[in-house]
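Peer 1: Look at Swiss-Prot and you will find 174-229 tagged as ATP binding site, backed by sequence analysis. Annotation comment: Swiss-Prot describes Asp300, Glu313 as Mg(2+) 1 binding site, evidence class sequence analysis. The Mg(2+) 2 binding site annotation in Swiss-Prot covers Glu313, Asn315, and the record cites sequence analysis as its basis. What Swiss-Prot records for 141-346 is domain 'ATP-grasp'.
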Amino acid sequence: MKTRVGVLYGGKSPEHQVSLSTARAVMNAIDPHKFDVIPIYITPEGQWIKGKRLTGTVEEVKQLQFTSTATAMIPVSLNQVPASGSATESDEETIDVIFPLLHGPNGEDGTVQGLLEMLNLPYVGNGVLASAVGMDKVVMKNLFAQAGLRQAKYVSVTKYEWKKGGEAVYDRIEQELGYPCFVKPANAGSSVGISKCKQRDDLKTAFAEAFKYDRKIIIEESIVGREIEIGVIGNDEPICSVAGEIVPKKEFYDYEAKYEDGQTELIIPANVTEEQYETIKSMAIAAFKALDLSGLARVDFFLAEDGTVYINEVNTMPGFTPYSMFPLLWQHSGVPYSELIERLIALALERHQEKQMITYTFEK
């Protein structure tokens, strides 16, 4: 009997379109002999719409953008959830595991993961806490520091502090970090809202842009060097892929460079020494464990001109688009795309089975 996979995508997020591209790629790559795919679309307004079981190739992402005339779902309806933990009423439509392909807020940040936990449904990827920490760059970097992982200097600022502090906030950035520096929303991915600043006027513009996407931002010193990324999969015994290098044709790796074909060169495997690769692997595994990750992650690094390795961030649900680094890293590590998806589903079921052994009641 085939495993029924509910592919969850879209979402109320600035990265809605990225999610659609990722979902299309995964749906077309998943092995139809082993899995039945049930699309579940979350509109930009937050409505959940369940499509019919996939029977062919998804040619264009617009095929995945269901309208309100399709079957609407109520995300939480406990009377629809049998003891087995399935997501729908009839056995014919039972979903065995959810593959959340949601990027950014309201999807990659632990919110949907919490819902799936409440429904007792297996799901691919990281849990509630790990997803939330992986989305919040400030909390993430605080944990990196606690774990002793080398990283660029950074400062965090809330919108309230910015409005109240005025020019003093910019003074602090210049004193602690200097120029150039990068300004990012704390809770956004895919380089949404990121700016490179070379002077105070840039900083003012960058703050206004980043605060469109979050109430908290992070400012980081610029590390001159190369951008190296590595894939990690697993639960209690995570393993790493080969390393890859990002060579953006623009000044830095922004949204367009990530998702527009021809904007970025990916070098796989990266031209690093064996010692550097071992350091990158070791730091990636340490970060994976420090943040209590499970399933998968892409860990990003800077390799400075002097050979020093700095951890940048983790991505708890890396993209699976045709131009995405994560699946390409695993393909070059001997794990084809469809097999990678199959492994991630197996890891999700393994973790869920382990959770079923936990006792949630207490009697004296």
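Numbering starts at 1 and runs along the chain as displayed.
Cβ coordinates come from backbone N, Cα and C, glycine included.
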Peer 1: Cα within 10 Å of Asn315 (Mg(2+) 2 binding site) is the criterion; apply it to the binding-site residues Glu174, Cys181, Lys216, Ile223, Asp300 and give the hits in sequence order.
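Peer 2: Of everything listed, what lies within 10 Å of Asn315 (Mg(2+) 2 binding site) (Cα to Cα) is Asp300.
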Peer 1: Whole-number Å distance between the CA of Glu209 (ATP binding site) and the CA of Glu313 (Mg(2+) 1 binding site)?
Peer 2: 21
Peer 1: Sequence gap of 6 or more, Cβ distance under 8 Å: name the residues on the same chain that satisfy this around Ala188 (ATP binding site), in order along the sequence.
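Peer 2: Listed in sequence order, they are Pro14, Glu15, Gly104, Pro105, Tyr213, Asp214.
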Peer 1: With the cut-off set at 10 Å between Cβ atoms, which of these binding-site residues ends up with the most neighbours? Options: Asp202, Glu209, Asp300.
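Peer 2: The largest 10 Å Cβ neighbour count belongs to Asp300.
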Peer 1: At the level of the C-alpha atoms, what whole-angstrom distance separates Glu174 (ATP binding site) and Asp300 (Mg(2+) 1 binding site)?
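Peer 2: So the Cα of Asp300 (Mg(2+) 1 binding site) lies 25 Å away from that of Glu174 (ATP binding site).
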Peer 1: Select one residue from Cys181, Ile223: among these binding-site residues, choose the one with the most other Cβ atoms within 10 Å of its Cβ.
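Peer 2: The largest 10 Å Cβ neighbour count belongs to Cys181.
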Peer 1: Under 8 Å between C-beta atoms and at least six apart in sequence, can you list the same-chain neighbours of Ser195 (ATP binding site), or say none if there are none?
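Peer 2: Expected: Phe182, Val183, Asp202, Thr205, Ala206, Glu209, Ala210.
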Peer 1: Just checking, which of Glu174, Glu313 (binding-site residues) has the fewest C-beta atoms within 10 Å of its C-beta?
Peer 2: Glu174
Peer 1: Roughly how many angstrom lie between the C-alpha atoms of Ile223 (ATP binding site) and Glu313 (Mg(2+) 1 binding site)?
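Peer 2: Between the Cα atoms of Ile223 (ATP binding site) and Glu313 (Mg(2+) 1 binding site), the distance comes to 14 Å.
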Peer 1: Under DSSP, is Glu313 (Mg(2+) 1 binding site) helix, strand or coil?
Peer 2: strand
Peer 1: For the domain 'ATP-grasp' (141-346), report the average pLDDT of the model, please.
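Peer 2: The answer is 93, the mean pLDDT of the model over that range.
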